[in-house]
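Scroll down for the structure; my scribbles are underneath it.
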Amino acid sequence: MGTLGKAREAPRKPSHGCRAASKARLEAKPANSPFPSHPSLAHITQFRMMVSLGHLAKGASLDDLIDSCIQSFDADGNLCRSNQLLQVMLTMHRIVISSAELLQKVITLYKDALAKNSPGLCLKICYFVRYWITEFWVMFKMDASLTDTMEEFQELVKAKGEELHCRLIDTTQINARDWSRKLTQRIKSNTSKKRKVSLLFDHLEPEELSEHLTYLEFKSFRRISFSDYQNYLVNSCVKENPTMERSIALCNGISQWVQLMVLSRPTPQLRAEVFIKFIQVAQKLHQLQNFNTLMAVIGGLCHSSISRLKETSSHVPHEINKVLGEMTELLSSSRNYDNYRRAYGECTDFKIPILGVHLKDLISLYEAMPDYLEDGKVNVHKLLALYNHISELVQLQEVAPPLEANKDLVHLLTLSLDLYYTEDEIYELSYAREPRNHRAPPLTPSKPPVVVDWASGVSPKPDPKTISKHVQRMVDSVFKNYDHDQDGYISQEEFEKIAASFPFSFCVMDKDREGLISRDEITAYFMRASSIYSKLGLGFPHNFQETTYLKPTFCDNCAGFLWGVIKQGYRCKDCGMNCHKQCKDLVVFECKKRAKNPVAPTENNTSVGPVSNLCSLGAKDLLHAPEEGPFTFPNGEAVEHGEESKDRTIMLMGVSSQKISLRLKRAVAHKATQTESQPWIGSEGPSGPFVLSSPRKTAQDTLYVLPSPTSPCPSPVLVRKRAFVKWENKDSLIKSKEELRHLRLPTYQELEQEINTLKADNDALKIQLKYAQKKIESLQLEKSNHVLAQMEQGDCS
């Protein structure tokens, strides 16, 4: 679990009054203490509180602590002494006793006071409970057992007829409170900038990027409440602690985003530019005193997937490497983060700490000090120390950040950081960018010299609702800034620039109008990309195996040719899909496992059976073929251009990151193997040609690629997509509105007729199913009778 893993390898055993054991545990921490040598504000506050508590600071029984809290109130309900003991007791009591058990002890004291006819003590007990409800009312909303015990107390007081006491311990106002911890600072549009706010990564200044990352970090940090820190200590993990889980996901997401943005550039020079930009972002984060995001950025740049890029590092100036070394030294874990602790202690006003380091301190303190001292006394010193450290973190949330955030850029970054990669996947991309030298020993993913994934054992949970919300907000911001004529479309160039700000490397877009992208299309793009990378989309993953193809084969994912002599690509053992190495993790189609004994229809019977069904399915997804004529299926069926033909643009950003706009025509049929031999250049086959044209070739020099014929023993795998690439003037590709208006759509009567036909077919199938079930039952009955008859014959013989 990263930094915290060692502290959580074994479950904590509660110690009850063993002085020798407690001394051994305390002496186990020599000079390398988790706390800085110089006194901090928390230590000074702790010393003052110890003095104010007097004899209780050395340890006291639980009953004495409860009695001291009750006696803190006078007859009118006012505090007659410091509230420090009340604060410590009501916030940290869960370390030694649950909230319901503490309230049960208070109820017992109330019953004893009633029995002794002591109304003054009963009133003070109710004042204590009222203080608990008023100051820490969140406990009563989150703890079901505490709520049930409180209801028992209210029923007891009501049964005794004490109306004043009932009003004091009333909890009905809790439900009226807005207990969600939302960021009070409103996001304002950055109107101080003269230029238009850019949503493009390449146009963002390091200062802008660092400010908005700080805003997101502070927004997440501010939502971690006092009880969240306490729950982390008591439960020993961040499960069932959503605010802390989100903080972990943000920190790890920023680190992955930094790595992927560097690796998304195709050349070493461009990768070096992104690397330099993130170093400048780190410098700005240091100036803003945002150490948590600084740790994430530097950790991402120091990760082995980036540090191994020798060609990229050769383009990084010496001054930048020097700054990286200084930042790494600042955040180094040597001497228990002594450099960071010194720098953090010197900071004033707004600052965001490295949360993992301070949580490690809390765990060290929680594990090192016993809960109880000798004679069963509660270790008040431990409660005070934990209370002061948590309070110091909570007080940082009250200082507003010295920056102004732009709502649109916040939405863009929020979606960009929704990443769900593993280290192996990132390292694979790094190896694809710069293959390792065969003479050098193979590298494996290693941890950076600074701690980033301080709780790497906790992986963010991809939530479809959250992703959908982030996508919708980002799309609204994109059209607000780039849809100038407000017609609901943005240009292809603008979309490609925006998409370059994300580490998504491949996705398919259906376009209503060539050259323009609508709101629905860009929403579908990011939703599909997010679902792919958050592992939400594929319910049945493929079982890809590296394969050597003996005949020409195309990738079923990107329609590209599988080049090479041996091991050209990957083939799914279950469904037979073929793809490139870089495409196998980007497949959006689920694995459709083949039947063991498929029924092979004859070549002549092409109008019925699975072949015709697959062809009719494939016809709905057909794309424009050459304009000279209809595209012909390999089995001889031709499909004319019509309303069922759709344009599709595929963004290809593979290892070379070269974007190619493809117009695809998907041929769907059964075939025996993915590697059928086919004529490449020459005469037309019976099925018709597949044209690949280029501006450098004349009409006579056009390359014709013929589809392969149908095999007599087809497999249920769909034929690979074939790409029709055309280099043309973009203006000639834009369809006019008149053409779109003339597209024929089915009438209501035609749809109604088709529905009735399908219903009739469905009814007929139901009748056949019932007949088959009855036939099965009769055969089973005959079988059982036959078995009984054989048994009777055996007995007679």
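Cβ coordinates are placed from backbone N, Cα and C, and glycine is handled just like the others.
Feature annotation (Swiss-Prot): of 295-335, 664-704, 705-745, 746-786, the stretch labelled coiled coil is 746-786. Among the ranges 57-110, 489-542, 543-596, the stretch that Swiss-Prot annotates as region 'Ras exchanger motif region' is 57-110. Of all ranges given (1-23, 24-46, 461-483, 599-621), Swiss-Prot attaches the label region 'Disordered' to 1-23. According to Swiss-Prot, of the candidate residues Thr184, Thr191, Thr243, Thr632, the site noted as phosphothreonine is Thr184.
Taking Cβ pairs closer than 8 Å, the coiled coil (746-786) reaches no residue in its own chain that is 6 or more past its ends. Helix, strand and coil content of the region 'Ras exchanger motif region' (57-110), in residues and according to DSSP, is 35 helix, 3 strand, 16 coil. Averaged over the domain 'EF-hand 1' (470-505), the predicted model reaches a pLDDT of 69.
Annotation for Asp483 (Ca(2+) binding site): same-chain Cβ neighbours under 8 Å, separated by at least 6 residues, are Tyr489, Ile490. It is Asp487, among the binding-site residues Asp487, Glu494, whose Cβ has the fewest other Cβ atoms within 10 Å in the structure shown.
Of all Cβ atoms in the protein chains displayed, 20 besides its own lie within 10 Å of the Cβ of Tyr489 (Ca(2+) binding site).
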